[in-house]
Amino acid sequence: MFVSRELSDASGKSIPPKSGIYDYITLLKPRVMSLVVFTALVGLVVSPVSINPWYGFLAILCIAIGGGGAGVLNMWYDADIDAVMKRTKNRPIPSGKISSRKAFVFGMVLSMLSVLMMGKFINWFAALLLAFTIFFYIVIYTIWLKRRTPQNIVIGGAAGAFPPMIGCAAATGTVNIESFLLFLIIFMWTPPHFWSLSLFSSLDYGAAGIPMMPNVRGERSTKKQILFYTILMTISAAGPFIIDFAGIFYAIFSTILSVIFIYFAYRLWKADTYDATILMAKKTFFFSLFYLAAIFGILLIEFLVWYFIIL
């Protein structure tokens with residue numbers, strides 16, 4: 001599956017658009033990668049076993065490379081639908097700046113390199129978990145689920161939830177209940193995040209033939225499920241405090257953030273006009289980005305304060 005666009009000069013001869021380093025960086029999905037790296041870092045730092053800072057850096061680098069490689073392969077496979085959607089039509093492959101072949105090779109090299117580096121320098125359990133995450137994101141989500149079911153991001157969301165477990169595995173050689181709770185928070189966060197996006201981008205998804213929840217089940221059902229998963233997410237977010245993995249600082253601030261998230265989801269559910277729905281969907285979407293970063297940030301700050309100041 002290769003998508004290519006070319007320009008023409010005055011004589012009608014085709015001229016491939018020029019590609020630069022920025023286009024290759026764009027293929028890595030840097031915004032998504034930054035969240036992957038951050039959540040993996042938290043999983044690594046708060047694990048019960050300390051890791052040498054140099055090896056910790058290498059582990060996070062491997063996760064970043066693997067996440068970037070997965071992003072490239074996702075853009076490679078989705079180039080046809082990216083060309084249709086307004087939000088994605090200017091990405092490097094559909095715009096013709098990078099050929100599908102180059103993108104595929106780039107993504108495969110990064111993905112394999114990340115796994116081999118993780119196994120060689122860190123441990124093979126973390127490497128296998130990283131390889132499984134890349135496989136899950138590309139094969140299970142991108143190729144199998146995304147174009148077939150409105151539950152695509154519910155199941156496929158597991159791929160984005162694995163990084164904290166990989167971080168923990170890099171430090172300890174295994175996974176534990178703490179890393180699973182971090183996985184669960186991201187897993188439950190994914191549906192409200194992406195379905196709120198799909199509410200104000202439903203025409204785009206519909207034109208591309210992607211069966212997102214609003215296009216298949218309707219707006220009302222989508223809003224109800226956003227509220228439902230938001231509640232499940234906030235329960236999951238309380239988990240670290242309940243099992244004494246996090247302290248009172250985390251409990252207070254995560255509760256405040258969770259209440260705000262539920263408020264936005266409730267307002268979205270009650271919105272009875274198109275304009276009100278779009279407005280609340282955008283507010284819910286953008287707050288969800290802040291929420292996840294803040295939850296993990298609070299957990300990290302609390303751990304560092306306890307480790308370096310109190311102990």
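Sequential numbering from 1, following the chain as shown.
Using N, Cα and C of the backbone, Cβ positions are placed for all residues, glycine too.
Marked as transmembrane segment by Swiss-Prot: 32-52, 53-73, 104-124, 125-145, 153-173, 180-200, 224-244, 245-265, 290-310.
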Answer yes if the transmembrane segment (53-73) and the transmembrane segment (153-173) have at least three CB pairs under 8 Å among residue pairs 6 or more apart in sequence, and no otherwise.
-> yes
Distal contacts, the transmembrane segment (125-145) - CB-CB under 8 A, six or more residues away = 59, 62-63, 66, 69-70, 73-74, 77-78, 111, 114-116, 118-119, 151-153, 155-156, 158-160, 162-163, 165-166, 169-170, 173-175
Among 104-124, 180-200, 224-244, stretch most in contact with the transmembrane segment (32-52) (C-beta, under 8 angstroms) | 180-200
